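Below is one structure, written out as structure tokens, with a few remarks after it.
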């Protein structure tokens, strides 16, 4: 892609998110979300592959549906209450509609079906943008809403953690596994949203760091399914040794960074008297952990069936920058001891 066009599209992505962050009026918010969607579409179709075009069409239709529902809900709110401000959603009908529209935008279950299909059709770089940056604007809106029904958020959260775990169990495509991982992590964030927005933000930030590391490792190895993962030991032995730690951090095992948000969320849910919800969420994390372990096993303990034993793939020098990967990997693995400091920052 022409670097000037790429710069314009990335600027459009940033501007759309910034407009949504800065606006207090529903029309401006809607405009920011639409700019965001329209800016990423050329990035999704840049390879002109039929699968990419199909994924882009699905993405456009779901995002347009969510944006139209959001606009309809905000107009309904203005009609019922005379208010256009984001903070002034007091009527339960527009509040519920907006929550569901934003859930569709970020891919929360049961409105998640588009996300694995879309992510599977994209290259890993665009998939990374879709899994991280594109979640920011809708999440900023969900954080500003005070939903009239707290039960709705808990149902969305629990359904997402369960479907995110179950859906990834039988997958062999890495991008679909990462999509289900995204759904499960979003479920954890939504569960604790109404009780502690600061923990939700911490979970979102931790998820971004871990997903960034995972996508960059897959991009470095040029892996798109489990079989190609098995050749990575010959391409980047040191990274192959670290990769299980990144995946287990995504799964939320101590003593890795990914354990911190899950620990704080379970603690907060128990404080709020939602011990059964916390138990169900913790059990659903075991489902996700299974497919992270499966990836770790395929990457470090097996030899690929695609090549003869003893013949290794070419170890060509990589053109990818490794500083971002090194930084995010260190953060993915080592931040758990800083939990008391981070908790103090959140509560202050």
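From the backbone N, Cα and C atoms, a Cβ is placed for every residue, glycine too.
Just so you know, TrEMBL annotations never went through curation; they're auto-generated.
According to TrEMBL, the domain 'NADH:quinone oxidoreductase/Mrp antiporter transmembrane' annotation covers 23-286.
Positions annotated as domain 'NADH dehydrogenase subunit 2 C-terminal' by TrEMBL: 289-342.
The feature transmembrane segment is assigned by TrEMBL to 60-80 (among others). Among residues of the same chain six or more beyond the transmembrane segment (60-80), those with a C-beta under 8 A of the stretch's C-beta atoms are 26-27, 29-30, 33-34, 37, 41, 88-89, 91, 93-95, 97-98, 100-102, 104-105, 114, 118.
Among the features that TrEMBL reports, transmembrane segment is placed at 92-115 (among others).
For 151-170 (among others), the entry in TrEMBL reads transmembrane segment.
Long-range contacts of the transmembrane segment (177-195) within the same chain, counting only residues at least 6 positions beyond its ends with a Cβ under 8 Å from a Cβ of the stretch, are 103, 106-109, 112, 115-116, 118-120, 127, 131, 135, 139, 142-143, 147, 150, 153-154, 156-165, 167-168, 171, 203-204, 207, 211, 214-215, 250, 261-262, 264-265, 268-269, 271-272, 277, 281, 284-285, 288, 291-292, 295. Annotated transmembrane segment per TrEMBL: 177-195 (among others), in sequence order.
According to TrEMBL, the transmembrane segment annotation covers 201-221 (among others).
Residues or ranges marked as transmembrane segment by TrEMBL: 233-253 (among others).
Summarising the annotation, TrEMBL assigns transmembrane segment to 273-293 (among others).
Counted over residue pairs 6 or more apart, the CB atoms of the transmembrane segment (201-221) and the transmembrane segment (233-253) come under 8 Å in at least three pairs, which marks the two as touching.
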